[in-house]
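Enquirer: Handing you a structure now.
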Amino acid sequence: MNIILMGPPGAGKGTQAELLKARFPIPHISTGDIFRDAVNQGSELGQEAQKYMSSGQLVPDEITTAIVKERITQADCDSGFLLDGFPRTTDQAQALDQSLAELGKKVDLAINIDVPTQLLIERLSGRISCRECKRVYNLNFNPPREQGKCDSCGGELVQRNDDRGETVVKRLEVYNQQTRPLLQYYEAQGVLFNIEGSRGSGQVFADIQEKLESL
């Protein structure tokens, strides 16, 4: 099964991706991870992407799509994949569909985790993570046992620059402008599954699991 995981920043995509990966035998493909892998491996596509990334520019769609396509052709994706962080625009979605069609595949389900804007702001502005092991906490909903210290490894807890104040609001605005149209795109294909993400992660996952097992 080929799954797209969608939702605004702070919706809990990372948590659901980990739960899905543990339950279903398909790889979790994060575009951030495969960009880093391509760059570290020194592949031709990775070198092209690095030129843009190092100068602070967005990587063009054709390079991003090619890197994603290269990843989903690997053997561990034969039974499906969970794609997180791509596509972000309808142009990217169309390019992905074309790449999948060339491989005799298609998107089976696009999961959209929907969360009210005010709750997203609270989640993001309270989000901190461990500098060492990258475990994520939330000062409002899931604080560490000891202030400033990771429960898992004792590392220092820090807040990302893009999880602060006005930056959070801007990130959500960009998401709404660029990514919201994707919902209409996948709805037209009959593969969109909207889920209320303001509940606990266990409840959200239970609904996603029920949907996947019904397909």
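Every residue, even glycine, has its Cβ placed from backbone N, Cα and C.
What you see is a predicted model, and the numbers here were worked out from it, not measured in a lab.
Relevant sequence annotations retrieved from Swiss-Prot are reproduced here:
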{"type": "BINDING", "residues": "Gly10, Ala11, Gly12, Lys13, Gly14, Thr15, Arg127, Val136, Tyr137, Arg199", "note": "ATP binding site"}
{"type": "REGION", "residues": "30-59", "note": "region 'NMP'"}
{"type": "BINDING", "residues": "Thr31, Arg36, Gln57, Leu58, Val59, Gly85, Phe86, Pro87, Arg88, Gln92, Arg160, Arg171", "note": "AMP binding site"}
{"type": "REGION", "residues": "126-163", "note": "region 'LID'"}
{"type": "BINDING", "residues": "Cys130, Cys133, Cys150, Cys153", "note": "Zn(2+) binding site"}
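Explain the structural surroundings of these features, please.
Expert: For Gly14 (ATP binding site), applying a Cβ distance below 8 Å and a minimum sequence separation of six or more within one chain yields Asp84, Val136.
Taking H, G and I as helix, E and B as strand and the rest as coil, DSSP gives the region 'NMP' (30-59) the counts 22 helix, 1 strand, 7 coil.
Sequence-distant contacts (6 or more apart, same chain, Cβ under 8 Å) of Arg160 (AMP binding site) comprise Arg127, Ser129.
Tertiary neighbourhood of the region 'LID' (126-163): same-chain residues 10, 14, 171, selected by CB-CB distance under 8 Å and a gap of 6+ residues from either end.
With a cut-off of 8 Å between CB atoms and residues at least 6 apart in sequence, the same chain places Cys130, Glu132, Cys133, Arg135 near Cys153 (Zn(2+) binding site), listed in sequence order.
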Enquirer: Once the chains shown are all counted, how many other Cβ atoms turn up within 10 Å of the Cβ of Val59 (AMP binding site)?
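Expert: A count of 18.
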Enquirer: Spatial neighbours of Cys150 (Zn(2+) binding site) among the binding-site residues Gly10, Gln57, Val59, Arg88, Tyr137, defined as Cα within 10 A: which are they?
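Expert: Among Gly10, Gln57, Val59, Arg88, Tyr137, the ones whose Cα sits within 10 Å of that of Cys150 (Zn(2+) binding site) are Tyr137.
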Enquirer: DSSP secondary structure for Phe86 (AMP binding site), reduced to helix/strand/coil, please.
Expert: coil
